[in-house]
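Participant: Dumping what TrEMBL says about this protein:
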BINDING   CYS86, HIS89, CYS157  Zn(2+) binding site
DOMAIN    19-192  domain 'GTP cyclohydrolase I'
Amino acid sequence: MYKFFEEYDEKVTEELTGNFKNIITQLGENPTREGITDTPERAAKAMQFLMQGYDCNPEEILRKAMFKESYSEMVVVKDIELYSLCEHHMLPFFGKAHIAYIPNGYIVGLSKLPRIVDVFSRRMQVQERLTDDILECINKTIKPLGVAVVIEAQHMCMMMRGVQKQNSVTTTSGFRGQFEKIETRNEFLKLITSDLK
Ligand SMILES: Nc1nc2c(ncn2[C@@H]2O[C@H](COP(=O)(O)OP(=O)(O)OP(=O)(O)O)[C@@H](O)[C@H]2O)c(=O)[nH]1
Ligand SMILES: [Zn+2]
């Protein structure tokens with residue numbers, strides 16, 4: 001599912017390397033300067049890594065690890081770290097995702113939830129769509145009684161440049177099924193804000 005170092009597409013890497021050489025030159029650096037001669041290729045591979053989410057099928061990831069179970073209480077996986085690229089500036093935004101679902105006959109392998117967070121994060125994104133992508137993927141695939149996703153993130157495009165605000169955190173959320181009821185939603189929000197580690 002994931003690309004590894006040796007699996008980078010040679011042609012894409014070569015073309016991206018050329019593009020990064022041009023970018024470096026246009027920005028006033030000398031791409032042949034000792035110390036950065038390999039940088040265009042490193043950048044080419046880094047960007048392919050950060051954008052590998054287009055080649056993956058997140059629904060398949062969940063489907064492969066669905067297990068029939070009668071457990072029907074809330075399952076919460078919180079503090080899932082994420083790194084994505086904002087589609088406006090291609091600068092990182094990063095933070096945490098919190099996911100909950102209430103099974104409806106099937107549970108899903110726990111690790112698969114962070115895996116789908118990675119798949120959707122490793123694309124050009126806005127935080128709102130990232131939140132919805134994760135929510136809809138879980139809803140469609142395991143058809144739970146309810147699903148909730150909260151993402152808290154900081155955007156480098158608001159920190160390093162532009163408005164230059166270092167401490168603002170953006171929170172987005174989505175709720176389906178039983179999480180549309182205020183008590184269920186509150187139970188989830190209480191669980192993700194608890195200090196239990
Ligand atoms: N809603 C939303 N906006 C985002 C996200 N990531 C970046 N942005 C915003 O996208 C907007 C793009 O606005 P523009 O005015 O076209 O771009 P800009 O001139 O670079 O804007 P500034 O960042 O304000 O300097 C900015 O307000 C960013 O803060 C995101 O995930 N969600
Ligand atoms: Zn941005």
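Just so you know, glycine gets a Cβ as well, placed from its N, Cα and C.
Each of these features: where is it, how hidden is it, and who are its neighbours?
Facilitator: In this view, CYS157 (Zn(2+) binding site) is surrounded by 16 other Cβ atoms within 10 Å of its Cβ, with every protein chain counted.
Looking only at the domain 'GTP cyclohydrolase I' (19-192), the predicted model's pLDDT averages out at 98.
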Participant: For the recorded Zn(2+) site, whose residues are CYS86, HIS89, CYS157, find every other residue on that chain with a C-beta no more than 8 angstroms from the centre of their C-beta atoms, and list them by sequence position.
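Facilitator: Surrounding the site, in chain order, are LEU85, GLU87, HIS88, MET90, LEU91, PHE93, HIS155, MET156, MET158, GLY162.
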Participant: Within 10 angstroms of the C-beta of CYS86 (Zn(2+) binding site), what count of other C-beta atoms is obtained when all protein chains are considered?
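Facilitator: Taking all protein chains shown, CYS86 (Zn(2+) binding site) has 18 Cβ neighbours within 10 Å.
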Participant: Within 10 angstroms of the C-beta of HIS89 (Zn(2+) binding site), what count of other C-beta atoms is obtained when all protein chains are considered?
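Facilitator: Looking across every protein chain shown, the total is 16.
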